[in-house]
Structures are given as structure tokens and as C-alpha cells.
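Notes for the one structure printed next.
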């Protein structure tokens, strides 16, 4: 089944996108549903896009939907791949199927009116080169003939009828249209301000560059025939030759050089243009840098880093001044709110004072902790000393108790002596008169035990010794309890 050919610019754009995605079978369905606006497909939301896919019968084939989405993304990001540059002209209602016979216009726009509009209102506007890039055109030089411009197949019945080969038609060739893919386009150059900044930076850097020896350069060119054939003629030109700088720029370019394999439609970035300009300026100052491209590249990048920052900053400031607006990088300060930029030093001072105060409090806490620890150590030492004294007292008490008789009274000789005494002079045992529980001081207990032994051994049967011994025993009693019944 033959696919219908596009009649408008919108249909042609859709045709190219479907052709890129290998989905030309859906072209008729898109046209029948009125889907000749590619911009609508690109800006459609998820639900709207799925609805369009259902209308054209693509919703049931998700892989086809993915291919179409990828082609749409490529068309937005790099329209040069489709040989269809983006323009500000309407995407529909621009007939390319048939031109009015005998009209000196193309696409409904007069050449003179285009020149006026391109010079006054839209200086960057490019006429779409649909016919020049998508059709096979056969034009005669100075002859009047009818040519056929086939969009896809020469045998197709729908042909675009050609016209007289006028000067206006010749001006629509790809070389004269100034397409974005042309590396010699006027936009592939820095503006005057940026070039001036590069020149100033190179002037400052020039005294620091090492001086090249011309004899070494000639020796290098003599040994390298290929390099000599390429740039040898530049060293033979005089400085007054107007073509010397042009040749230097041609062979000093780092990016997008005439012999580089750069993809069609890819523009040079601001960084690349700056590096190329810096390399050209450096080679003008020192022609020998043409033979040392690695060193030239490093120097050009150094210049680019400095120039790009300064020029971009200055341009932004100038644009903001022209619009009488605040810089996008400046913090907007509302009325009634403090200036936080001015309060930063104050906040810093306050934070510093707080840190010093916290440090002082920390030292005080450390001192208090040390004092507390010393108090605890002293208390512990006193407690240990008290425990030691208590243990000593208990030991002395146990020692004094062990030295006494097993029944708790006086020694056995005392009892024996009492047995020899008359009945009327006998006294009850100390055990019968001494309570069970009493507390005795260590030293007095020891004194009591020694005195008791001496009295019991020296005054057996003597009555006068009893009161003294009884007095001594009465002094030792602290707590009186009933006698033991045993």
C-alpha cells in the first residue's frame, strides 16, 4: 500500500519523524485524524498522548510508541538529523505541493520581503530548505525546463511541478541558505566583546611564554614532510600579508577544524569557540605554536577558563542593568526583613561568644567534678580508717575473751582458792555476777585481764583483796542484765 506524500510543512515534519522511527505505515492514520502538528505531539501530556496513540491505532503496540517517542525527542533536541531545521514560521498551512505558476515567490514569501524581514525584525530567521534537503532537484543553467522534484519515488503520480530557474530559486540552495549545519556560518564566531577579552588575556600571557627558535622550527618542518606541506607556507609569509592571519586561524583551530570529522548539525559551544579564538591569537603572537598543538591546546584552555568567567559575569551584569532588574544570582531582599548578609558578622560574633561561654562553663564543671571526686576519696579513706579501728577493737575484744576461763569467770586457780576458803568467806563466781552482753574498751579490757590474774594469784584466801577486785569488776560493767540461770 502506497503511503500518501506530505502536502504541508507540518505533514513533512511528521513524515520525517515517522520515517526516522520506521513507522511510515501510520502516516495516513495521523493525517486522517488531523495529526499534522508535530509540536502538539511534543507538548502533549501523558493522557493526551495515549489518546492520540489510540486514535491512530498505535496504543496496542507499545514498542511502536517507544520508537515514536524516541524520534520525537531526537527531533526536539537535534532537528538537523531530520534535515528539517526548526523555524519560527507556522508548521502548517505552508503549501509545498504546488507553487503558483509564474510567481517569483517561494513558500508564499517574497524574496524581497524576506530580506527586509530578516534584516529588521528577525535577523536569525532561516527559510526552511525543505525542497533543497528532501527532494531531488534538476535545474537547467539558463534554460527553461520543467523538472520533477520527487519526495520519495520518481514514479509516484503526485509530483511537484518545477518552474523557471530564476535567481531567487538558485538562492535557495543549501550553501546559500546559511543552514545550521554549515561550519562557516556567521554564528560560529565569538562576538566582538568576547574576542577583545581573549586578545587582552593573550597580551598579558605573551611575555610569560618561552621564545621559540626559528631554526628549530625549520628543522622540525624539514624532518616532518606532512607538517611542512600543511603549514610550511605560513612561515614563509610576511607579517603584512593579509592572508597570513586567515591561514593561521584555519590551521590553529582546536575544535571544528576543516579536516575534522564533526557530525553534521552540531554547533560549537561557547567554550569551543573561545578556545579556537585563543589558539588563533596565541599562534599570531608565536607562529611556532602551530607545530606544538598539545602545548597550544593547554594554553588556549587556560585563556578560555579566565575569559569565559569574566566575560559571562560582565555580560550578565550588563544585561541586568539594561533591564533594570536584579541579578538572578543576587538575593532579593523584601521590605521589612533584615539584611542577612549584614547580620552574618553579628551572628558569627554571637556564636563565638557562646562558644567561649560554654568553654568557661565546661572548665568550671571540670573543677567541680574534681572537688567532688576528692571529697569522695577523702570520705572513702575515712571510712576505711574507721573500719580498721573497728576491726582492731573487735580483735582486742576477742583476744581478751580468749584469755579468760572457758566458763567465762576468773581463772581456775581462783576457783580453787575459793574452794579452800571458809564457806562464810566464799563469794559467788564472776560468771554469776557478770552479764552476758557488755562492751569493753580495748585498753581497759587488757588492763582488767592482767589485774585479774595478778589478784587471783597473789591474794588467795585474803579477804581484803576482794573489795578491790570487786571494784575493778564493777568499773568494767557498762550494761547490766539478769544473771544466767545456768
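From the backbone N, Cα and C atoms, a Cβ is placed for every residue, glycine too.
Marked as SUMO2 cross-link by Swiss-Prot: 126 (among others).
Swiss-Prot lists 143 (among others) with the feature SUMO2 cross-link.
The SUMO2 cross-link annotation in Swiss-Prot covers 211 (among others), and the record cites similarity to another entry as its basis. A 10 Å cutoff on Cβ-Cβ distances gives residue 211 (SUMO2 cross-link) a total of 7 other Cβ atoms nearby, all chains included.
What Swiss-Prot lists as SUMO1 cross-link is 332 (among others), and the listing cites similarity to another entry.
Annotated SUMO2 cross-link per Swiss-Prot: 332 (among others), in sequence order, evidence recorded as similarity to another entry.
The SUMO2 cross-link annotation in Swiss-Prot covers 368 (among others), and the record cites similarity to another entry as its basis. Secondary structure from DSSP puts residue 368 (SUMO2 cross-link) in a helix. For residue 368 (SUMO2 cross-link), applying a Cβ distance below 8 Å and a minimum sequence separation of six or more within one chain yields no residues.
If you look up Swiss-Prot, you'll see 372 (among others) marked as SUMO2 cross-link.
The feature SUMO2 cross-link is assigned by Swiss-Prot to 453 (among others).
Per Swiss-Prot, the feature SUMO2 cross-link maps to 464 (among others); the stated evidence is similarity to another entry.
According to Swiss-Prot, the feature SUMO2 cross-link maps to 476 (among others), an assignment based on similarity to another entry.
Swiss-Prot lists 479 (among others) with the feature SUMO1 cross-link.
Look at Swiss-Prot and you will find 479 (among others) tagged as SUMO2 cross-link.
The region 'NCD1' annotation in Swiss-Prot covers 4-82.
According to Swiss-Prot, the feature region 'Disordered' maps to 160-187 (among others).
Positions annotated as region 'Necessary for nuclear localization' by Swiss-Prot, on the basis of similarity to another entry: 306-337.
The region 'Disordered' annotation in Swiss-Prot covers 398-438 (among others).
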Given residue 372 (SUMO2 cross-link) and residue 211 (SUMO2 cross-link), what distance in Å do their CA atoms have, once rounded to a whole number?
78
Do you know the DSSP helix, strand and coil residue counts for the region 'NCD1' (4-82)?
57 helix, 1 strand, 21 coil
In the region 'Necessary for nuclear localization' (306-337), averaged pLDDT is 54
